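Swiss-Prot has this to say about the protein:
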ACT_SITE  Asp58  active site, nucleophile
BINDING   Tyr116  substrate binding site
Amino acid sequence: MDTAQKQRWAITLSYDGSRFYGWQKQAGGVPTVQAALETALARIAGESVATTVAGRTDTGVHAAAQVVHFDITAARPQQAWVRGVNAHLPEGIAVLHARQVAPGFHARFDAYGRHYRYLLESAPVRSPLLKNRAGWTHLKLDIEPMRRAAALLIGEQDFSSFRAAGCQAKSPVKTIYRTDLTQSAGLIRLDLHGNAFLHHMVRNIMGALVYVGSGRLSVEGFAALIQERSRLKAPPTFMPDGLYLTGVDYPGAYGIVRPQIPEWL
């Protein structure tokens, strides 16, 4: 059917990444977020639906506010794309908001900012209640040098030292607008706001910050690591469990509002 007859919708969804093998559809019926979402959307639309996501997430990585767009010919009310779709989604995924958008809107290319949070438990024994919800280290961490190191990430830089080997990004140069590191009740929260992120970038940053907090890497060493622009001397990639995509920024004209981070997170 002529694409001119189609409507473009944008939805914001949340999901528990520990239940899925990442965002992207895979062969062999492997459970992924995209496969589950497109199946549920098709049930409501009465036609096959292809989705485009703001940012793909790996196995075990969560989303508090992921954004997706899709095109459909079927006319459905807004609540059909929220309550209706949720009725057909498996546990671990929920559509939070839906909005019809301009035909030219693109969930990935129109995004000018992305927000991530890494939740880290620092304790001698890992809490079973936080498994799959937070990363963990048995090491006692000093948060002050970690804060100073994280602040060095701000600005436009070449982040090759925090880039996965298989990263498909055209350039390792990204801009970090803000970093924030807090600690309460044994949990450390790292918040990063940037224009875009490389594959495994946040997890690699957290791995290096854990080295800083434990004294295995100085703040000066962290600065040198950034300048090395190489993974060869960098600490290992940290576990995915504590990583959350918490928001995506779009121009106000699209009307897509970034929800607040849940209080429990």
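Quick reminder: no glycine exception, Cβ is built from N, Cα and C everywhere.
Cβ neighbours within 10 Å of the residue listed as 'active site, nucleophile', excluding its own Cβ and spanning all shown chains: 17. Of all Cβ atoms in the protein chains displayed, 24 besides its own lie within 10 Å of the Cβ of Tyr116 (substrate binding site). Recorded residues Asp58 (active site, nucleophile) and Tyr116 (substrate binding site) have their alpha carbons 14 Å apart, per Cα-Cα distance.
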